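Engineer: Annotated domain 'BPL/LPL catalytic' per Swiss-Prot: 48-236, in sequence order, evidence recorded as sequence analysis. Among the features that Swiss-Prot reports, substrate binding site is placed at ARG87, GLY88, GLY89, GLU90, TYR91, THR92, TYR93, HIS94, ALA167, ILE168, GLY169, GLY180, ILE181, ALA182, with the record citing sequence analysis. If you look up Swiss-Prot, you'll see LYS164 marked as site 'Lowers pKa of active site Cys', on the strength of sequence analysis. Look at Swiss-Prot and you will find CYS198 tagged as active site, acyl-thioester intermediate.
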Amino acid sequence: MTQRSQIATSFLPLPGSAPVEWRIEPGLTAYPDALAFMEARAEAIRSGGAGEMVWLVEHPPLYTAGTSARIEDLIEPDRFPVFSAGRGGEYTYHGPGQRVAYVMLDLKRRREDVRAFVAALEQWIIGTLAAFNVRGERREDRVGVWVVRPDRPRLPDGSPAEDKIAAIGIRLRRWVSFHGIAINVEPELTHFGGIVPCGVQDHGVTSLVDLGLPVGMADLDLALKSAFEDVFGPVAALPAEVARKTG
């Protein structure tokens, strides 16, 4: 099987397609509200009643369980609310200081290839991190984007320590995607301690600020947009983004 690192990651739409709507939500978004919005929007995209969309949000502290989540990986079930997400993957944490990008795209207009779509999402994240001179890397045995930590002791097997900086969890229904990615800007990293993030015990989590970078959410959002257009094509910003930048 072809490794994800060898898959072509261009997911440009068919010629003549409308730009992807790009919306930045102010404040904290309740997770049930986000689920309801994504379900409705994905159905509207499938039926032709709405266009593709990327929705950037922050959530209050919570854990979500993907379809592969194991109950033993929920270490502190009473620490934060726990939601069944319906996406792929295992447990993850969302909270303030973490940018969640919900990606609602019609892959019939792009490429009907799930593995290539995951690789494209990883490339989007890697391109975003590169704007801050952070080398994000993919791993064939685990989804997400990782950074090597030469400042940390090596693992027992002698391999370099590495931390996860971004998670990916998606769902496709009749080739329309929803759910998406999460990048750690400045979340409270101790909040990840209530779970085994994504079922991976041997590696930790990090953030842009933890890596020593003075990056804010607005900085990340600009980099996200530029890197998204490289992989997925043009976007059209909604008024919410303008309000966020000037508010």
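Using the three backbone atoms N, Cα and C, a Cβ is placed for every residue, glycine included.
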Engineer: Could you state the whole-number distance in Å separating the C-alpha atoms of TYR91 (substrate binding site) and LYS164 (site 'Lowers pKa of active site Cys')?
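Structural biologist: About 14 Å separate the Cα atoms of these two residues.
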Engineer: Between the binding-site residues ALA167, ILE181, whose Cβ has more other Cβ atoms within 10 Å than any of the rest?
Structural biologist: ALA167
Engineer: Quick one: largest C-alpha distance among ARG87, GLY88, GLY89, GLU90, TYR91, THR92, TYR93, HIS94, ALA167, ILE168, GLY169, GLY180, ILE181, ALA182, binding substrate per the record, in angstrom?
Structural biologist: 16
Engineer: Hey, how far is ILE181 (substrate binding site) from LYS164 (site 'Lowers pKa of active site Cys'), Cα to Cα, in Å?
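Structural biologist: A Cα-Cα distance of 12 Å.
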